[in-house]
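Undergrad: The annotation active site, cysteine persulfide intermediate is assigned in TrEMBL to C110. The annotation Mo-bis(molybdopterin guanine dinucleotide) binding site is assigned in TrEMBL to F249, L250, R251, E252, G253, R254.
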Amino acid sequence: MSNPAISYAHITRVTDTLATATQDALAAEEPLEIRLVHNNQQESITVTMRSPGQDAELAAGFLFTEGIITRYDAIQSIVYNDNIATVTLQAGIRPSLQAAQRNFLANSSCGVCGKTELDAIYAPVNKNTSDIKIPAGILHDLPAKLRMQQAVFDNTGGLHAAALFNTGGKLFHLREDIGRHNAVDKLIGAAWQQGLSFGEFGLLLSGRAGFELIQKAAVAGIPLIAAVGAPSSMAVKVAKEWDIALIGFLREGRFNIYHGEERIEL
């Protein structure tokens, strides 16, 4: 069965002076338009460049992490057709469209680059009050577990991954996408649909941790983020404001704690 997240191209591979015609697997990238139907109105909310597949999860996760809707049961249906995901809300539900005043094309590396006003990049977020504690030994093992489950990355080398993990180090709902913010939206959309309590999990990221990913986790209520790569200065700033434990440079045997040391059992 073919994977929509993988495409193929004929290439010439050069090794030293030897050229060989072969086929290469690529990370597929296509636009997805998310439309919202509510109170007899239809609106185009955003267009994002993403890896095809799990588009209903992406649409639901995006609407949640942008603060547009706050309950999964507000959704009546999600219909996908030809790179358009149409989300229809239950009768009487009024989405908070002012929470995501976007007028932009979100490319696969940045979802907030086109916010029309600087203040509009902030979603409504409450300070996290979870009492979760993660043993340091559990954190050390997470990158290897994540890498072992990145099936599309194995074929293409071109995708980001995100997963939830519990205090025992088990991964849940791993999702891959060419855009790191899309991977997080797919993950959160899948977990939200199943009714998971986000306050009982950490978020594991295969790459760097920027502001937008911290904010998406904060909106969902995730209390701890562990990134294989580096955090940005703004990511550290808002992690402190929202009291989210933030770990960066997570490697086998070491990591940096930028905030929330009390949530790590050393």
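Cβ from N, Cα, C; glycine included.
Describe the structural context of these features.
TA: In this structure, E252 (Mo-bis(molybdopterin guanine dinucleotide) binding site) belongs to neither helix nor strand by DSSP; it is coil. Here E252 (Mo-bis(molybdopterin guanine dinucleotide) binding site) comes close to H140, D141, P143, A144: these same-chain residues lie at least six apart in sequence, with C-beta atoms under 8 angstroms from its C-beta.
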Undergrad: For the binding-site residues R251, G253, which one has the sparsest Cβ surroundings, going by other Cβ atoms within 10 Å?
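TA: Looking at the binding-site residues R251, G253, the Cβ with the fewest others within 10 Å is that of G253.
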Undergrad: Cβ within 8 Å of the Mo-bis(molybdopterin guanine dinucleotide) site's Cβ centroid: which residues qualify beyond F249, L250, R251, E252, G253, R254?
TA: H140, P143, F255
